[in-house]
């Protein structure tokens, strides 16, 4: 019986080339099915892969903004050395972290040229700032069967 298995010729279904061992056929098949070339962009910091360079840039801004090295056009906090790509994010950082420290940002910002620590009032700013106080979540109707499984119709009720 073993001699019959040894004489079996395996053929490739795509090019009809014959092989005497399954290992050789397995080595041959990748010639017809090459591995896809990775077109994704990989984050240097965390290793996550994005589909485009735009998604990678948005990923950097969202998750690694404080870890980006300081270059021209970036805004650096003078107290904790965090770096932000957008000036608005630096402002929010200042409001949250250093509002009572008497902090003055660097000269890149025109809004802060007339800044004095005594004039910074953060008591009512949180009501106007959408970053510090996001809008409330939407409320869905409590009687909606989509969100309440107790209101789902059983399959046995449909055939009566």
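Any Cβ shown, glycine's included, is placed from N, Cα and C.
When the residues 63, 115 are compared with Swiss-Prot, the one annotated as phosphotyrosine is 115.
Scan Swiss-Prot for phosphoserine across 116, 144 and the hit is 116. Counted with DSSP, the zinc finger (75-98) comes out as 11 helix, 4 strand, 9 coil. In the zinc finger (41-64), the DSSP tally of helix, strand and coil residues is 11 helix, 4 strand, 9 coil.
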